[in-house]
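> TrEMBL feature annotations, pasted as is:
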{"type": "TRANSMEM", "residues": "12-34", "note": "transmembrane segment"}
{"type": "REGION", "residues": "34-54", "note": "region 'Disordered'"}
{"type": "COMPBIAS", "residues": "39-48", "note": "compositional bias 'Polar residues'"}
{"type": "TRANSMEM", "residues": "78-98", "note": "transmembrane segment"}
{"type": "TRANSMEM", "residues": "119-137", "note": "transmembrane segment"}
{"type": "TRANSMEM", "residues": "143-161", "note": "transmembrane segment"}
{"type": "TRANSMEM", "residues": "168-187", "note": "transmembrane segment"}
Amino acid sequence: MSYIPSLTLPAAVFNSPAISILLPVGLGLGQGLLSQPGKSTPKSTSDAPNPERHTFRKDVQAKYRAIKQPPLRPPPWIFAPVWTTLYALMGYAAHSAWRNGMASMNPRVIEDTRRGATLYTIQLALNQLFMPLFFGLGRPVEALVDIVALTGSVGYLAYVWNKVDQTATYCLVPYLAWLGFATYLTAGTGYLNGWSFEKSDAEVAAAEAKKET
């Protein structure tokens, strides 16, 4: 894959360690908030929309537990600290690779650095699609396609960055390991639920309705 400026974050992002780290961390937090399932419409014209929509809510954990999942599924609370750490590592990796690669006197290294920047941007976009697809829209098939493409992109990115800056590659190792585990969970969860979360959504909605009565 070649360097594509229109599909690459601005150089200012990679030049700044703070921006490089805070950008993926902030995007991860934002898509997590926006993907939380909640009531988007009132039950009737006399009911007000739920003021807690798009916030961290207990019903997110209820939905997570209602879905049939394969063995070794982690508790819901573990995702936030794990992903925050992985986003910080990938952000630092991007800065480290760009700083060292663009300072090289070797044109091939500079080209690989730019290719890596394009790949990094693409994988970040694929990463941001997963939560809305899996939890927000309840589309496990599309989520599985997304995470497989994401894992492949990160694997290729690690290969490219290894020719530029090994520190950046090492920072991606935990990310790749987690993506492999997440792919297993996504495929297993989709299979066990018949590739549809409608039943689990109905169970959560029934439980919420029971609490309100």
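Just so you know, glycine gets a Cβ as well, placed from its N, Cα and C.
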> Ranking 12-34, 78-98, 119-137, 168-187 by Cβ pairs under 8 Å to the transmembrane segment (143-161), which is first?
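Of the candidates 12-34, 78-98, 119-137, 168-187, 168-187 scores highest.
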> Between the transmembrane segment (168-187) and the stretches 12-34, 78-98, 119-137, work out which stretch tops the count of Cβ pairs under 8 Å.
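Between the candidates 12-34, 78-98, 119-137, the best contact partner of the transmembrane segment (168-187) is 78-98.
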> Should anything in the same chain at least six residues away from the transmembrane segment (78-98) have a Cβ under 8 Å from its Cβ atoms, list it; otherwise answer none.
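Sequence-remote neighbours of the transmembrane segment (78-98) are 11, 13-17, 20-25, 27-29, 32, 113, 116-117, 120, 124, 161, 164-165, 167-169, 171-172, 174-175, 178.
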